[in-house]
Amino acid sequence: MQADNNLKENLLAGYPNHKQQDEDIKQQKDKSYLGYIYQLFFIISLCLQHLFSKLMFNRHVNLSALQILVIRACFTAIIFIVVMNRKIKHVMITSIPRQSYFNLTVRCIQGLIAFTLVYYALRYLPLVFVALVMNLSPIFIAILSYLVLKEQLMRIDIIILGVSFIGVIILVSGSINSENVSQSKIEDTSNIFAWIALFLIPFSAAINAVNQRQMRDLNEYTVGSYMTLVSLLGYTPIVLLFENGFGIIYDFEMYDWALAILLGITGFYFNVFRFKALQYQEPGKLGGISYFQSIIQLILDVVFLGQKFTSQQLIGIMVVICANGVKLGLWIKKLLK
């Protein structure tokens, strides 16, 4: 009898434990609220990156988008190396399943293109315009998630997406209509390539969100560390061959180096928080939280870049907060049942 039990255990050992898999899926669903928290942290780190980049562009008119990307990647790479420590081989090699190779390759290529688009737009266009167009991303993400991941959004999610986007339009149009929009000496709103880059950002963000959702079983540092490595390998030769190299760093003062370090820190958390958010929640459902980017970016613009606050912007902020407050209230009500 004991021999039969041992034989049965040995035979079953080669098969997946579906009960355990179901438990893992259930636990992940129970913690889906963490996706919203990580998404909010991701947005904060993203807005801080934009601010630090804009401050550096304003201080150094000859600083190119690719130069600042390499500088950012250098400091981000140092942080990844320190955090991973002796686990570098595990994180970057042994822990990656073969079926994730394609998605990881797509993420690296898409990331190179996306960073170039964002930083090129940031260099030549006002921050508020960049924030407006980037807030189209949740809508594109929801559409692509439905087409690729077969993600079904509830009616309340669709309503919140729509109402929040209206709030963002009110908020940002208040900035555009104001005579106090901060204008940098390097901005050039007639640059057609900057506008093309800007309007490609939502498409790129949608591809990234859906692709990263399919890699949620990877280590939380894997995607970010590869993205940082590819940024260094991809951008550095271009800067050395086709731009003026990195001679501009000799003009850096302590304040500039502090901004560069902060860019590296936010670059690290930007990657980790985004990955964790998509581990716990479907990309389309994170759209409502994503609209807080315009609010946070506006606050930073007011504090650091001289943007003046208008009553129309306040109305837009209240619309976004109220829309997402409804969803938060429904979630709390569900927990209390």
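The backbone N, Cα and C atoms fix where each Cβ goes, and this holds for glycine too.
Just so you know, TrEMBL annotations are computer predictions that nobody has curated.
Database features (TrEMBL):
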- 33-52: transmembrane segment (TRANSMEM)
- 48-172: domain 'EamA' (DOMAIN)
- 64-83: transmembrane segment (TRANSMEM)
- 104-122: transmembrane segment (TRANSMEM)
- 128-149: transmembrane segment (TRANSMEM)
- 156-176: transmembrane segment (TRANSMEM)
- 192-211: transmembrane segment (TRANSMEM)
- 196-323: domain 'EamA' (DOMAIN)
- 223-242: transmembrane segment (TRANSMEM)
- 254-274: transmembrane segment (TRANSMEM)
- 286-307: transmembrane segment (TRANSMEM)
- 313-332: transmembrane segment (TRANSMEM)
Feature contact check the transmembrane segment (254-274) with the transmembrane segment (64-83), CB under 8 Å, 3 or more pairs: yes
Top partner of the transmembrane segment (104-122) among 33-52, 128-149, 156-176, 223-242, 286-307 - counted as Cβ pairs under 8 Å: 223-242
Long-range neighbours of the transmembrane segment (286-307), counting only residues six or more past its ends (CB under 8 A): 35-36, 39-40, 43-44, 46-48, 50-51, 54-55, 127-128, 131-132, 134-135, 137-139, 141-142, 157, 160-161, 164-165, 167-168, 171-172, 175, 180-182, 209, 277-278, 313, 316-317, 320-321, 323-324, 327
Interface present between the transmembrane segment (192-211) and the transmembrane segment (128-149) (three or more C-beta pairs under 8 A): yes
The domain 'EamA' (48-172) - residue tally per DSSP class, helix then strand then coil: 108 helix, 0 strand, 17 coil
Per-state residue totals over the domain 'EamA' (196-323) - DSSP helix, strand, coil: 105 helix, 0 strand, 23 coil
